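K.L.:
Pasting a structure below so you can have a look.
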Amino acid sequence: MPNTINHYDIVIIGAGQAGEPLSKSLAKAGRKVALIESTHLGGSCVNYGCTPTKAVIASARVAHMARRASEYGITVQGVKPDFKAVLARAKRIVEQSKQFLDESFTQLRNPLLIRGYARLNGRDGENFQISVGKEVLICKQVVLDTGTRTQIPPIDGLDGINYITAETWLEHEQLPSHLLIVGAGAIGLEMAQFYRRMGAAVTVIGSGPQVAEHEDADVADAIRHALETEGIQFMLNAKASKVATQTNGILVTVTDENTNDVRRVEASHVFIATGRKPNTDDLGLDTIGLETTKKGTLDVDMRLRTSVPGIWAVGDIRGGPMFTHTSWDDFRIVESQLLGDGSRTTDRVVPYAIFTDPELGRVGMTESDARAAGKSVEVARFEMKHNGKAREIGETEGFIKVVVDSDTQQLLGAAVFSAEAAELIHIYVVLMNAKAPYTVLENAIQIHPTLAEAVQSAVATLKPA
Ligand SMILES: Cc1cc2nc3c(=O)[nH]c(=O)nc-3n(C[C@H](O)[C@H](O)[C@H](O)COP(=O)(O)OP(=O)(O)OC[C@H]3O[C@@H](n4cnc5c(N)ncnc54)[C@H](O)[C@@H]3O)c2cc1C
Ligand SMILES: NC(=O)c1ccc[n+]([C@@H]2O[C@H](COP(=O)([O-])OP(=O)(O)OC[C@H]3O[C@@H](n4cnc5c(N)ncnc54)[C@H](O)[C@@H]3O)[C@@H](O)[C@H]2O)c1
């Protein structure tokens, strides 16, 4: 059977956080658009990332608060998480989002959703050729939004065990008796606390000297301490070098990065959370002369153009911050470049959070980054135990750290480690976007009693130079 050949203005490969909204926006503006997705609409965030992880983290918090009930004068007896029911709740929430996305495409002919795995297949004159099964698409421009998958580290024997990853954790319906998590980044930390609160023993192995390696040491230590208090064990400066099945589970050999000393840990399950590998290795990029970096990302300019004119890269594969909100903002950048005045670029303030409890809300530079950059730095720190609302709701753990440029009085960055930190950080985000001095927040009125008062209290401890 001959291949079907269809022509488009723009083809988007990957229906992730940027690709899906971009396809609709470009089509609405009159471009003929195809969106190709190999698995499920919504990508990693909806199907196994943000959505289900935050859903199970919410269940875990209910269990945690039920265990703490007596602190509030309430008697709750026999807190018993039902692990399967917790996963089932998360899966239902995922299904709702997936269904909503699927239905949004059922009546649409432009953008046309094509299900299948896409590869670039060289040029057709000035245009690009893309293959999906037996279909060939010819187009003027291509947007790549193919996301990432778990980066599997070279651990001896790993192929021989049924390890868990960010992609597969929802399918493992048996609560591990002892979960060993390899990787102490965002995924490792969030999932460690989830499984621990479900009742599993949890050990986290991190190759660096601290958890959350991009954060200031005091912030990273506070996260580790909070998780240790709940019984999670950490092995830092350590690497899992070998795994082997034994009668009662899995024997993991852990090598100390500094001393080369070897320890053996028995676990029932292993979760690999050692970073993400871009899905760029089977995209036919070589057929159009597009090279990846060593890490597999695509170098882009601030307008998200790759080195091949007409090819754009958005979301996690373009290097830099890997978040749903940055991927979604990439959609707005490409939209601005293709349909608007081109003013929107990657020159942006990027906040993020680690959804442990307490949460970490972050924006801008860390103190160490700011000092390394030679800025004239002033740092304020405010302990949450001094905030009235925090005491009233029993959430006194944590602190706020604000890094200010003492020449301009503008924020360079902030870390909020507290209850609701992922919400609170946005106050600093707005201040940074407005390029306003911290005194604007200092002089504002905040509602009492709120955690937001702590965000103000932190800057109020700064003194203008
Ligand atoms: C466990 C976990 C928790 C997370 N939690 C958060 C969080 O709380 N907050 C946050 O901001 N971020 C979170 N993230 C990160 C967030 O999920 C990603 O940054 C975001 O989804 C990236 O979107 P994307 O556009 O790069 O691609 P993705 O959402 O990964 O989508 C890429 C899509 O491309 C498809 N695809 C790949 N190759 C092809 C091909 N050749 N042909 C056709 N289709 C293809 C894939 O099937 C996929 O659907 C989390 C990630 C994980 C793994
Ligand atoms: N709340 C959120 O926004 C959220 C949540 C989860 C994931 N994410 C996104 O997904 C990305 C990936 O998360 P992640 O946690 O997998 O990656 P990560 O890069 O954040 O952390 C991986 C950690 O694993 C360690 N490591 C690597 N190889 C190792 C080994 N062999 N043994 C022991 N430790 C090893 C690294 O030193 C690093 O600290 C994040 O960067 C983030 O962008 C975001």
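A Cβ is built for glycine as well, from the same backbone N, Cα and C atoms used for every other residue.
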K.L.:
Out of Gly116, Gly122, Gly275, Gly284, which is the one TrEMBL records at the NAD(+) site of Gly183, Ala184, Gly185, Ala186, Ile187, Gly188, Leu189, Glu190?
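P.N.:
Site partner of Gly183, Ala184, Gly185, Ala186, Ile187, Gly188, Leu189, Glu190 for NAD(+), according to TrEMBL: Gly275.
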K.L.:
Of all the binding-site residues given, Gly183, Gly185, Gly275, which residue's CB has the most CB neighbours within 10 A?
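P.N.:
Counting every other Cβ within 10 Å of each candidate, the maximum falls on Gly183.
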K.L.:
Determine, from DSSP, whether His325 (FAD binding site) sits in helix, strand or coil.
P.N.:
helix
K.L.:
Please classify the secondary structure at His448 (active site, proton acceptor) using three-state DSSP.
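P.N.:
It is coil.
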K.L.:
Taking the Cβ of each of the recorded positions and counting other Cβ atoms inside 10 Å, which one has the highest number: Ile187, Leu189, Phe323, Thr324, His448?
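P.N.:
Most Cβ neighbours within 10 Å: Leu189.
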K.L.:
Near ligand 1, which of the recorded positions show up if the criterion is a Cβ under 6 Å from one of its atoms? Options: Cys45, Asp316, His448.
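P.N.:
With ligand 1 as the reference and 6 Å as the Cβ limit, the list reads Cys45, Asp316.
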